[in-house]
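**Q** Here it is: the structure, laid out below.
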Amino acid sequence: MTAYILGAATLILLVLILWRRSSPEFRRRSEQPKFQILANLGLGSRSSSRTKQPPEDTQPITRREHDEKRES
Amino acid sequence: MIATEVQARVPVASKLVRAHTYAAFVGLLLSALFGLAVSVKFHVPEFLTNHAALTWGRLRYDHTQGILYAWLGNAFIAFIYFAVPYLTRRPVTSERLGWVMFFVYNFVAVLGGWSLVLAGVLQPLEWAEFPLIVAAVIELCLALMIVQFCIPFLKCGASELYVSGWYLLGGLTFTFLAYPLGNIVPHELPGAMGAAFSGLWIHDAVGVFITPLAVAVEYFVITAVTRKPIYSHFYSMVGFWLLFLVYPLNGIHHYIYSSLPMAAQRVSEAASIYQGIDVILVVTNLLLSIGLATEGSVLRDVPMRFVWTSIVLYLIVSIQGSVQAVMTFNSFIHFTDWVIGHSHLAMIGFASFAAMGGLGHIWQQMPGVRHSRRAMAWSYWLLVIGLGLMVLDLTAAGLVQATLWQRHIPWIDSVRASRPYWIFRTIDGVVLLAGFVVFGLSFVTGPRNSEGFLGLTLDTKDELPRDHKAQYWFTTAYAATFGAGVVFFFLSFLALGVYPAFRLRESIHKTTPVGAQLTLTAAEQHGGHLYAVDGCAYCHSMQVRFTPADVWRFGTPTQAWETQQQYPQMWGTRRIGPDLAREAGKRPVDWQLVHLYDPRYIVPDSVMPSYPWLFNGAPDRPTQDARDLVAFLNTLGRAQAALTPPLPRATYLLPVAASANDTEEGRQVFVANCAGCHGEKADGRSIGGQSLRPVAFNLAEFKLSDDLIWRVLQTGVPGSSMPSWNDLPSSDFRAVADYVAMVAQAGELTPDQRYASDEVLMESGRRIFETHCTRCHGEEAAGDGPDGLEMLPRPANFHEMMPSYQAAAEILRDGVPGSGMPAWPLLTPAEVQAVTFYIRSFYSAHPDGTAQPAASASMKMEGMK
């Protein structure tokens with residue numbers, strides 16, 4: 001039974017990984033939340049009034065910049 | 001719902017964040033103090049020993065429960081209050097509900113639980129020690145947390161939900177489901193069946209409560225501090241689902257080589273290895289998120305440093321856990337301090353460092369509070385050093401203990417060898433405690449943050465999320481996978497809980513011997529309750545595993561049918577003292593009582609706590625509680641013992657000859673193992689020895705044959721407290737036998753001490769002996785008289801022992817309490833001397849080299865009655 005459970009989980013995982021590699025739309029949707037949280041934290045397109053500013057050596061990054069960086 | 005003056009503002013409930021943060025610090029310091037006291041007791045067993053509330057077991061219960069609920073629970077709740085508005089763009093459900101939850105959680109569950117445990121109201125279940133009433137309150141709090149924190153998630157679009165939100169949802173929901181398994185089910189299912197469910201909760205407490213919330217903090221703080229997206233949200237979600245699939249399947253790996261079905265044990269072993277693979281994926285994603293975004297520069301941020309350390313230690317502790325679950329390695333390392341090192345690495349290195357990173361990050365944002373970066377940086381290094389030393393120390397101790405347990409040496413040798421490590425552990429604990437204190441100080445010292453609004457300010461009202469209906473949420477793909485997660489949980493419930501229970505029920509039905517004495521009397525049940533209340537199961541496991549080392553040392557492995565009356569099971573996961581599953585009949589009641597009153601009376605190097613409140617001031621004045629507790633100990637393995645003969649044990653050949661070179665070594669072995677009862681002078685006059693029944697033997701006043709010494713050391717003395725010392729290494733065995741032969745003396749009378757000539761003493765002694773002694777000692781003084789055949793211990797065989805005149809006189813005057821030997825107060829001194837002279841004549845190894853001739857009836861009897 002262990003083999004079935006873990007084998008099925010591994011199979012599903014492989015299918016998802018292959019699907020993600022072949023589908024830009026799936027890739028975009030699966031990565032969407034990490035940009036949303038930046039926006040919610042006021043580090044993306046939306047503003048925030050968190051009382052203390054983040055360290056100067058780190059700058060907010062937009063999704064486009066991030067994608068460009070990953071592509072390069 | 002929290003009212004907002006400006007529609008586009010979503011505030012953090014900062015007062016609740018502060019309240020839970022302060023509560024977490026109080027919980028941390030008290031829990032650490034409990035832990036430190038427990039640690040000190042290992043090398044100062046009499047520390048805080050006069051009150052039941054402060055005994056080792058109860059402090060140990062409060063230490064772990066405090067870390068779980070008072071410290072980590074509060075810390076993670078504080079973080080959730082902070083994170084939920086950022087994750088959902090919605091406030092938590094109700095601030096008023098939050099305050100109700102805060103008071104119920106801290107003042108009823110935590111404070112109530114701690115107090116009840118100290119008062120002896122508890123349950124002996126690992127990670128579930130708070131009593132059932134408190135467990136019910138905690139379950140209520142978990143339900144309230146779901147209402148408070150999950151409703152905002154339900155109202156926000158699931159497709160935008162960041163991985164931290166998933167971990168929070170998963171952690172809260174799954175803990176709510178898993179909690180009753182470890183707290184309630186073991187009361188309904190006995191022994192092995194209950195152990196299967198206990199194992200589930202032991203791991204779920206860490207796996208579905210602590211771990212998801214700690215990883216949620218890590219993902220949140222990383223993206224907030226780096227101000228950049230994580231490396232891969234897709235892989236973060238893969239890690240999330242694998243965690244909830246695999247972690248609950250680990251549970252039974254705490255009971256490998258037990259009587260639980262082997263298939264379930266194999267499941268837990270395979271799942272544990274798979275879990276390690278999942279953690280590699282999660283940690284790689286986390287570390288890449290930090291490294292890619294900032295090339296490490298963010299580690300100047302102290303909370304981020306805590307988070308980074310937590311991630312690295314998460315990897316180490318998870319790989320360690322996977323290795324520990326491999327059956328061959330588990331047979332070696334289980335029950336040792338290695339596992340304690342592992343748990344400290346998990347709960348401090350991984351979980352607490354994550355919580356500290358989260359709280360530190362929150363405090364940087366919190367308006368109007370003091371915050372000292374320098375103090376927090378100091379605390380980081382104190383904690384890293386303290387934890388590193390503690391884990392290395394306990395890991396080394398575990399390896400030493402495991403190695404010694406594989407060898408055929410007395411158990412107490414592993415305790416002696418552990419003592420330096422335990423002392424060092426206390427020192428490490430002080431460093432850790434200092435780190436905790438400084439960390440707390442960093443929250444109340446330093447410059448004050450500026451006042452302001454804490455929360456989200458959205459540009460327009462349009463950016464507020466729509467109130468999605470629940471049906472909509474449940475139709476999303478994420479909802480489907482969330483449902484799958486719940487299925488995962490029930491999968492583990494079926495695979496490691498229900499399946500073993502059914503298999504065990506069937507097995508127990510088939511294998512329970514006819515007439516097996518399994519039910520306990522009311523007194524024995526009460527003794528079992530006391531055993532649970534004082535935490536005996538946390539030092540003495542109650543399961544002999546199917547491993548060669550266990551079988552050699554403790555006997556027949558524990559069968560499932562033997563446990564069918566154990567409500568709840570107390571198998572234990574640690575051995576500081578020996579396993580007690582085969583304790584029935586192993587020790588006399590008086591030995592057990594003296595050992596309970598003060599273990600060091602008869603085992604000088606023991607670290608077991610004393611239980612003086614079970615006695616009326618002396619070991620021979622036990623209360624009914626003490627008697628009940630000993631009665632319970634004598635039920636452990638009773639049914640099995642009645643059915644099967646003891647396993648054959650190794651025997652040693654007789655020594656060639658005593659060697660003077662062995663004297664010092666023999667003395668050391670004697671002092672280490674025998675002096676507790678027999679006294680350092682071997683005269684049987686130690687406090688412990690005099691409290692036993694029969695009292696400890698006066699070795700210094702008897703000449704003993706080599707054969708007798710050898711036999712008693714090998715087999716013990718049935719009916720007395722003298723155990724077998726067969727597990728001594730052969731060199732020690734030989735040395736102590738030689739030493740006893742050397743110290744055992746029975747001097748001769750000087751001429752002026754004699755009442756009569758040898759002939760008269762002999763004849764007079766014979767007549768006295770034949771009149772009073774032969775019915776027990778036999779006509780030939782071989783201890784085989786008709787009345788002595790049923791006695792335990794057996795009457796003395798004077799062919800192999802010869803008392804001194806002084807020892808014989810004392811015995812004849814007082815008798816031997818606890819044996820069949822009565823006092824003979826009416827014998828005159830001359831008669832005592834005569835009968836002693838007579839019985840000494842039988843000693844086959846008499847100084848003259850031959851047995852004395854039998855006296856003739858014609859000899860005169862001067863001075864005799």
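Indices start at 1 and increase along the chain as displayed.
Any Cβ shown, glycine's included, is placed from N, Cα and C.
Among the features that TrEMBL reports, transmembrane segment is placed at B:21-40, B:66-87, B:99-121, B:133-154, B:161-181, B:201-222, B:234-253, B:273-294, B:306-327, B:339-359, B:422-444, B:476-502 (among others). TrEMBL lists B:203-439 with the feature domain 'Cytochrome oxidase subunit I profile'. The annotation domain 'Cytochrome c' is assigned in TrEMBL to B:522-637, B:661-744, B:760-843.
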**Q** Can you tell me which parts of the same chain pack against the transmembrane segment (B:422-444), counting only residues 6+ beyond its ends and a CB-CB cutoff under 8 A?
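**A** Answer is 21, 25, 28-29, 32-33, 35-36, 39-40, 42-43, 348, 356, 359-360, 363, 369-376, 378-383, 385-387, 389-390, 393-394, 397, 607.
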**Q** Give the mean pLDDT for the domain 'Cytochrome oxidase subunit I profile' (B:203-439) on the 0 to 100 scale.
**A** 92
**Q** Cβ under 8 Å to the transmembrane segment (B:234-253), counting only same-chain residues 6 or more beyond its ends: which ones?
**A** 163, 166-167, 170, 174, 178, 196, 199-204, 207-208, 211-212, 215, 219, 260, 264-265, 267-269, 271-272, 274-275, 278-279, 281-282, 285, 321, 324-325, 330, 481, 484-485, 488-489, 491-493, 495-496, 500
**Q** Determine which residues of the chain contact the transmembrane segment (B:66-87) at the Cβ level, with the cut-off under 8 Å and only residues 6 or more beyond its ends counted.
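**A** Same-chain contacts beyond the ends: 10-13, 16-18, 20-21, 23-24, 26-28, 30-31, 34-35, 98, 105-106, 109-110, 113-114, 127, 130, 138, 145, 149, 152-153, 156, 161-162, 164-165, 168, 205, 209-210, 213-214, 216-217, 220, 347, 351-352, 355-356, 358-359, 362, 365, 455-456.
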**Q** The transmembrane segment (B:133-154): which same-chain residues, six or more beyond its ends, come within Cβ distance under 8 Å?
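**A** For the transmembrane segment (B:133-154), the far contacts come to 69, 77, 80, 84-85, 87-88, 90-94, 97-98, 100-101, 104-105, 108-109, 112-113, 116, 123, 161, 165, 168-169, 172-173, 175-176, 179-180, 183-184, 468, 470, 473.
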**Q** Could you break down the residues of the domain 'Cytochrome c' (B:760-843) into DSSP helix, strand and coil, giving a count for each?
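**A** The domain 'Cytochrome c' (B:760-843) comes out at 39 helix, 3 strand, 42 coil.
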**Q** Given a Cβ distance threshold of under 8 angstroms, which distant residues of the chain, six or more beyond its ends, lie next to the transmembrane segment (B:306-327)?
**A** 214-215, 217-218, 221-222, 250, 253, 256-257, 265, 268-269, 272-273, 275-276, 279-280, 282-283, 286-287, 290, 299, 333-334, 338-339, 342, 345-346, 349-351, 353-354, 356-358, 360-361, 380, 384
**Q** Could you tell me how many residues in the domain 'Cytochrome c' (B:522-637) are helical, how many are strand and how many are coil under DSSP?
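**A** Across the domain 'Cytochrome c' (B:522-637), the residues distribute as 51 helix, 2 strand, 63 coil.
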**Q** Under an 8 Å Cβ to Cβ limit, what residues of the same chain, 6 or more beyond the ends of the transmembrane segment (B:161-181), are close to it?
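**A** Contacts with the transmembrane segment (B:161-181): 80, 83-84, 87-88, 135, 138-139, 142-143, 145-146, 149-150, 153, 197, 200-201, 204-205, 208-209, 211-213, 215-217, 219-220, 223, 230, 233, 236-237, 240, 243-244, 248, 478, 482, 485-486, 489, 493, 497.
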**Q** When secondary structure is assigned with DSSP, how many helix, strand and coil residues does the domain 'Cytochrome c' (B:661-744) contain?
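**A** Going through the domain 'Cytochrome c' (B:661-744) residue by residue, I get 49 helix, 3 strand, 32 coil.
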